[in-house]
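A.B. asks: There's a structure below that I have some questions on.
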Amino acid sequence: PSVTTLNSRRFTNKLALLLYLVHKVAAIALVCFLIFKGIQGLIDGSNPAKRKEERVLKYLLPQVEAASLLSITLAFSWQKALREWPQIMVYFILWCTFFMSLSAGILLICFQKPATDGVGVCFIAFAIGNGLYACWVSQRVGFCYKVLLKSLEPVDKFRDLNQPAYWMLGAGFLWMSLWILAVVGALNFYYPALVIIALLLSLCWTTEVMRNVVNLTVSRVIALYYLRGMQSNTQFCFQRALTRNLGSACLGSLFVPAIEAMRIIARGLNLLEGEDEFMFSCAHCCLNVMQSIFRYGNGWAYVQIAAYGKGFVRASQDTWALFEREEMEPIVDSDMMSAICFLTGVCSGSICVIVVAAWTAKVHQPFTATISLLAFFIGYLMTRIAMALPHACVSCYYVCYAENPENRLFDKTIKERLELIKAGRDVVVPTPRVPRRFTR
């Protein structure tokens, strides 16, 4: 049976927590060792890698640090603007990301180097896809704005709700600075390419855990307000997210991005038309797998993890069961908030690419492609941490409504949308299902 107490004191997903702590100890040890190797290479005048390290420190480190600071500024600018002008910002984010990623791609292609051309083509391809998505979801922006406006109302009652994001971004900046020094040291070690890839994967997991710590903190504060009308202490909720619920944040950080990617693929397969039996057999298999996995792991689970101290899998099951009970699957499945947060990260990354690529092209053009990719990842990862606050507020609004639709803190926004969907008068993205031809 699910644990339903609001004061659970047990640690969730202990195995995932242990795995993350082991990984973190190993990552810190590796970073310290590589920084030592980098310093050793710079001191040793006979080392053939010395000149390469000096060039990297001179022409790469300043740009990466600048990208980190710029991304933090952009992160809080996006969040502040989204909270102040939600209706305008939903449209603005959709189309600003299109123009920024397109501009970054065109700029990189203008350098006329094979590496920058390849990266530039990727940016342009993404911009085209983003433009098509913006046109496709235009009919759903109105409802997204209404939910966002309503879900952000409790934020003003908690003046310190942004403090966990400040702490996580500060920690992220410090770790990013050490991380780039470790990348420099990797040039003076065996198999530098493999070491840098390992460092990058570790960085992605670490920043995703930071984002979910903020998500859990905000989710507990807002969920307790909806469920019990409580004015929770943000610092206490932050400590709880960093201790008792950290294992769930680690486990979710590993699997939710992959599950969301599978969900997007499943939606694409569900839209395929044709009569190729092999293709639709593959679609049938992928859709069934996706449906099973999504029930046992989804991003909505963080609300119940934060509120009730459930494990990640149990929280995912219980949350999806609530949505099914209230027949809310079409609404939550077509929610745009995840996409909006993702696109803000891409937009920040694209802006960092434009600034850093133009700078690097003037001082040392051979590093342009490498620094552009680093700047994009830094801008994306940092922005996602700050955008955890509005994302958590929207998640709490949906999940807490599903748990108690009669709560006086909720209006008729979701209820009216459900009625329109049932009457066939509203547009939603259907939950990926097995094509009808396979159910005959």
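Positions of Cβ are set from backbone N, Cα and C atoms, glycine also.
TrEMBL feature annotations, pasted as is:
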- 15-36: transmembrane segment (TRANSMEM)
- 56-76: transmembrane segment (TRANSMEM)
- 88-109: transmembrane segment (TRANSMEM)
- 115-136: transmembrane segment (TRANSMEM)
- 190-210: transmembrane segment (TRANSMEM)
- 337-359: transmembrane segment (TRANSMEM)
- 365-382: transmembrane segment (TRANSMEM)
A.B. asks: Quick one: find which recorded stretch in 56-76, 115-136, 190-210, 337-359, 365-382 has the most Cβ pairs under 8 Å with the transmembrane segment (88-109).
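C.D. replies: Stretch with the highest Cβ contact count: 115-136.
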A.B. asks: Would the transmembrane segment (337-359) count as touching the transmembrane segment (56-76), i.e. at least 3 C-beta pairs under 8 angstroms with sequence separation of 6+?
C.D. replies: yes
A.B. asks: Before we move on, state whether the transmembrane segment (15-36) and the transmembrane segment (190-210) share at least 3 Cβ pairs under 8 Å, counting only pairs 6 or more apart in sequence.
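C.D. replies: In this chain the transmembrane segment (15-36) contacts the transmembrane segment (190-210) - 3 or more Cβ pairs sit under 8 Å.
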A.B. asks: Should anything in the same chain at least six residues away from the transmembrane segment (115-136) have a Cβ under 8 Å from its Cβ atoms, list it; otherwise answer none.
C.D. replies: 94-95, 97-99, 101-102, 104-109, 339, 343, 346, 350, 353, 357, 368-370, 372-373
A.B. asks: Is the transmembrane segment (365-382) packed against any residues at least 6 beyond its ends, judged by a Cβ distance under 8 Å, and which are they?
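C.D. replies: Same-chain residues near the transmembrane segment (365-382) but 6 or more away: 56, 59-60, 63-64, 67-68, 70-72, 74-75, 104, 108, 111, 113, 115-116, 118-119, 169, 172-173, 176, 180, 200, 203-204, 207-208, 345-346, 348-353, 355-357.
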